[in-house]
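Novice: Structure below; questions to follow.
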Amino acid sequence: MAPEHATGTTHKVISVLLRFGEFASSAIVLGLLSRISYLISDAHAHVDGRIIYAMVVAGMSIVYSVFFCPPFKSLFLSFPVDFILFVMWLIAYCLLQTRTAGRGCSARWYITYWGWYWDRYDNGGCGSWRTVLAFSFIAWVLHLASGILGAYVFHTYIRLEETKRDFKHHAEKLTR
């Protein structure tokens, strides 16, 4: 356990920075994938399931990052969710990365799907595809770091009995 005088200000600042990074990465991925989804639906075609999965994960990450951004001690109890989102982002990244079989913008899928709907000329959309991959990678790394930080804070700073009493007290206040 931490000494009585330890406040843990550093982990609170790091937590907010990680949450902001998670939010930004998720918003970038969701924005770019939403744009391609719009272009595909405008052409009356079907959106690839991997893109839909990545959009769902990005949306969930945005909601989670917004609600759990404040560095309250009890919010560090949600670190298992960070690990779940880490796994979900890792899967999304791998699904997107393997879609082009490691060949990036020269892959057949990219040329006939992403590049075709994004911009049919001059390898259009290649930068946005690479951006989606890069920020998907960044998102899973940030969720992993946030989960590790949450586990550290839980183990070092949070006293479970005190937290149970706080939750019980707040629940009683809500029922009155």
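Cβ from N, Cα, C; glycine included.
Predicted automatically and left uncurated, TrEMBL annotations should be read as such.
Quick caveat, the model's predicted, so the values are computed rather than measured.
Feature list, courtesy of TrEMBL:
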- 14-148: domain 'MARVEL' (DOMAIN)
- 20-39: transmembrane segment (TRANSMEM)
- 51-68: transmembrane segment (TRANSMEM)
- 74-96: transmembrane segment (TRANSMEM)
- 132-154: transmembrane segment (TRANSMEM)
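I'm curious about the neighbourhood of these features; can you describe it?
Specialist: If you look at the transmembrane segment (74-96), the same-chain residues 6 or more away from its ends with a CB under 8 A from one of its CBs are 15, 50-51, 53-54, 57-58, 60-61, 64, 68, 132-133, 136-137, 139-140, 143-144, 146-147, 149-151, 153-154, 157-158, 163, 166-167.
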Novice: Within the domain 'MARVEL' (14-148) only, compute the mean pLDDT.
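Specialist: Mean pLDDT across the domain 'MARVEL' (14-148) comes out at 85.
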Novice: So which residues does the transmembrane segment (132-154) touch in its own chain, when a touch means Cβ under 8 Å and the partner is 6 or more beyond its ends?
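Specialist: Contacts of the transmembrane segment (132-154) (Cβ under 8 Å, skipping residues fewer than 6 from its ends): 8, 11, 14-15, 18-19, 21-22, 25-26, 28-29, 32-33, 54, 58, 61, 73, 76-80, 82-83, 85-86, 89-90, 92-93, 96-97.
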Novice: Which sequence-distant residues neighbour the transmembrane segment (51-68)? Criterion: at least 6 residues beyond either end, Cβ under 8 Å.
Specialist: 19-20, 22-23, 25-27, 29-30, 33-34, 36-37, 75, 78, 81, 85, 88-89, 91-92, 95-96, 132, 136, 139, 143
Novice: By DSSP, how many residues in the domain 'MARVEL' (14-148) are helix, how many strand, and how many coil?
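Specialist: Across the domain 'MARVEL' (14-148), DSSP assigns the residues as follows: 112 helix, 0 strand, 23 coil.
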